[in-house]
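Enquirer: I'd like to ask you about the structure that follows.
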Amino acid sequence: MGLFNRLFGKKRQEEKSTTDSIEEAAEQEVTQEKPALLAETAETAESQQSVYEKDVTESQAEQVSDARIIEDGQNSKEPAASGHSVQEHKQQPVQHQQEVFHSENSVAAVQNNTETMPSQQKKDEKPNQSPDFMAEYYARKAELAQKVESQKPAETAEQESQTTLSDQKETETAVNQSEEEASSQIAESVESEEEKYNRSLKKTRTGFGARLNAFLANFRNVDEEFFEDLEEMLILSDVGVQVASTLTEDLRYEAKLEKAKKPEALRRVIIEKLVDIYDKDGQFNEKINFQNDLTVMLFVGVNGVGKTTSIGKLAYKYKHQGKKVMLVAADTFRAGAVAQLAEWGRRVDVPVVTGPKNADPASVVYDGVERAVAADVDILMIDTAGRLQNKDNLMAELEKIGRVVKRVIPDAPHETLLTLDASTGQNALVQAKEFSKITPLTGLILTKIDGTAKGGVVLAIRQELAIPVKFIGFGEKIDDIGEFHSEDFMRGLLEGLL
């Protein structure tokens, strides 16, 4: 919403202010014209009232003059009536006073009527003038409203076009934001292999670093007790007994040369020796032996180490690289293994070759190799049994599988990969030794490295068996597997310790 407000909030406020200003102008125009009409009406009423008052005044004057003429006429008749009695002569002034009083009362009444009539006429005029004024007022108001209404369609059309344009922009912005969010989520979800190494080896690095820091914090003198404590610390870090012994002897030699007397110097020498042990002859042979046509990979290992899961993840990896992949379920004596591999095939959308229950594993493999050749498959992955407790039968089974594969492809299998669980520590080294006696191994798959602090077993395997690690599992996600790179591994294992 913040972007939306930045892009469109200001524009909508301007549109709203424009509409409000038009309505206010119309109201002001009506308000300004209303007093003018009232003033004009008032002037008309005043002029009419003045004319009326003038007429009333003239009529009053005429009435007063008539009353005086009557009075004068009566007075002129009094001398002609001189023959009346004295009593009548005495009563005449009284009658005259009464007439004068009556005349004055009549004049006052006329004046009162004169004063009353304008107000009554005003009251009478107001009903007569009010309809005309209100009619004119409403006519002007209707005219102004009509003007406003005539302007509204154009403004409404403009507002609708602007609203449509803003809605289109809003939609485009929402789409762009969703695309950006999706791309950012994808970018966040897609880690580089170096980042995966750092993440997955965090526990191993933290455990080894904590032990090394605790050891150096208790540093006293470089004596025999010091070397014994150092060897114990390395063994607890799962680097193996042979690696611990070799490193301790090398450090004794360095101490004699007085190159390792201080804690920081000791720390550097220990890490340098660990790197030298893994580097060895500089030949790692970590690359997969891919062929130009069909590459056959044979997977061996005990049950529960993540062998079938690793096959499914690698199938997903290679399929997304554009390669044609096929799987073979040769662990026919364990129904769960066949079902698990079939489920992985469904998930990653690759074909899986299976046989009947308790079928000969070699026959299922032979069928799978022939199908792979006929379908121009790039990579064929074969899942085998892991019954290490019955070494003789397992050895015979693996030898037979190798023979039937060579009938179709003489130089196959091109890779025989042993899957090891890194969390088992030194037990993984024991399994590697046992399987190397049963069948020739070309490489190792190290799984569950992210959930353990025993990643140092790689150094032990490298030191004692000279078998390269070719794949490493970083976690539970479908893409959490990759080719092993020794430099990235050692950096992830030892980074931050110096």
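FYI, residue positions are counted from 1 along the chain as it appears here.
Heads up, the Cβ atoms here are built off N, Cα and C, so glycines get one too.
Straight out of Swiss-Prot:
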- 1-130: region 'Disordered' (REGION)
- 36-46: compositional bias 'Low complexity' (COMPBIAS)
- 103-120: compositional bias 'Polar residues' (COMPBIAS)
- 147-200: region 'Disordered' (REGION)
- 301-308, 383-387, 447-450: GTP binding site (BINDING)
Enquirer: I'd like the number of other C-beta atoms within 10 A of the C-beta of ARG387 (GTP binding site), please.
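Expert: Cβ-Cβ neighbours of ARG387 (GTP binding site) within 10 Å number 15.
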Enquirer: Using the structure shown, find which entry in GLY301, GLY304 (the binding-site residues) has the sparsest Cβ neighbourhood within 10 Å.
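Expert: Per-residue Cβ counts within 10 Å for the binding-site residues GLY301, GLY304 bottom out at GLY304.
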Enquirer: Would you count the other C-beta atoms found within 10 angstroms of the C-beta of THR384 (GTP binding site) for me?
Expert: 24
Enquirer: Report the same-chain neighbours of LYS307 (GTP binding site): residues 6+ apart in sequence with Cβ closer than 8 Å to its Cβ, ordered by sequence.
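Expert: Same-chain residues close to LYS307 (GTP binding site) (Cβ under 8 Å, separated by 6 or more) are PHE299, VAL300, GLY301, ASP383, GLY386, THR419, ILE445.
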